[in-house]
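Asks: The following feature annotations were taken from Swiss-Prot:
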type	residues	note
ACT_SITE	Asp104	active site, nucleophile
ACT_SITE	His333	active site, proton acceptor
DOMAIN	28-129	domain 'AB hydrolase-1'
SITE	Asp302	site 'Plays an orienting role for the imidazole group of His-333'
Amino acid sequence: MSQVHRILNCRGTRIHAVADSPPDQQGPLVVLLHGFPESWYSWRHQIPALAGAGYRVVAIDQRGYGRSSKYRVQKAYRIKELVGDVVGVLDSYGAEQAFVVGHDWGAPVAWTFAWLHPDRCAGVVGISVPFAGRGVIGLPGSPFGERRPSDYHLELAGPGRVWYQDYFAVQDGIITEIEEDLRGWLLGLTYTVSGEGMMAATKAAVDAGVDLESMDPIDVIRAGPLCMAEGARLKDAFVYPETMPAWFTEADLDFYTGEFERSGFGGPLSFYHNIDNDWHDLADQQGKPLTPPALFIGGQYDVGTIWGAQAIERAHEVMPNYRGTHMIADVGHWIQQEAPEETNRLLLDFLGGLRP
């Protein structure tokens, strides 16, 4: 087994893919979809494990990232376009069906692919972000897109505060703060919402007498690092490690830094710009179940898992073939990187139970 870099033509969009497979080049296809601010490299621990278990594995750079196509027009980053890229990957490999696994922004793309194209989806796994219907990202009070995102974000953030997704959608402020120190910004964000960073923040809150157990979920969000005072920078709330964690090395940080030095953030941030557009585009799907076999993997300290608690609790209502929720202890947002062995075990158990 050896990893091969390929450029796929997915309905006119260039998609960079890193592929691996068993020696006989056979086996079910598994497509891996990364989130923000990441890369195919986010799946570096899963690619060999899945290929070694007999699957053809394809980890892509989503459009706007890495060596994949970049578009100036923001509407090119609507979720239906991202789902179209996944369909194009299957077509490039001549696959009628594939298993699709997504983390962070990759999870809504994976879920929506399964929702819109159930005949092409052998099974779907969302990591960190549960299925949220037309809402794309589940939040307390609007787990399945009951509210238009931009309206709800204002209420969620509260007076004088800004929800990070809206800050990202505007782009100017976030790009300015990133470009001041790209490498430092990536390290700060990564560590702040990791298990170590979130555990430290939780301990500090408890030591200060905060009763987190009794707090309203919205108050927890407002007190977190991704809800900002107006005029503040996101990185003002970052915490940094004294030494690099074992799961995220200097070499890993160098890789991500190099990718974004070349690609920039215009495309990735446009995913956030389109959240309202996605809500409108998926209106005709409202109330329709997601029918392929589905699994969710969350982290104890993961912000996406915490925000999506209502969507997770009610997953069986909207996914009749839901195979369960698995929570990994002591990890934060970067679940498959922080806990690769446990993630691989859960993926292989799920895929193995569905394999022809």
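Cβ coordinates come from backbone N, Cα and C, glycine included.
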Asks: What is the interatomic distance between the Cα atoms of Asp104 (active site, nucleophile) and His333 (active site, proton acceptor), given in whole Å?
Replies: 8
Asks: If I take the alpha carbons of the residue listed as 'active site, proton acceptor' and Asp302 (site 'Plays an orienting role for the imidazole group of His-333'), what is the distance between them in whole Å?
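Replies: About 4 Å separates the two Cα atoms.
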Asks: Can you tell me whether DSSP puts His333 (active site, proton acceptor) in helix, strand or coil?
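Replies: Note: His333 (active site, proton acceptor) is coil by DSSP, not helix or strand.
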Asks: How do the residues of the domain 'AB hydrolase-1' (28-129) split into helix, strand and coil according to DSSP?
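Replies: Here the numbers are 43 helix, 23 strand, 36 coil.
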Asks: If H, G and I count as helix, E and B as strand, and all else as coil, what does DSSP give for Asp302 (site 'Plays an orienting role for the imidazole group of His-333')?
Replies: coil
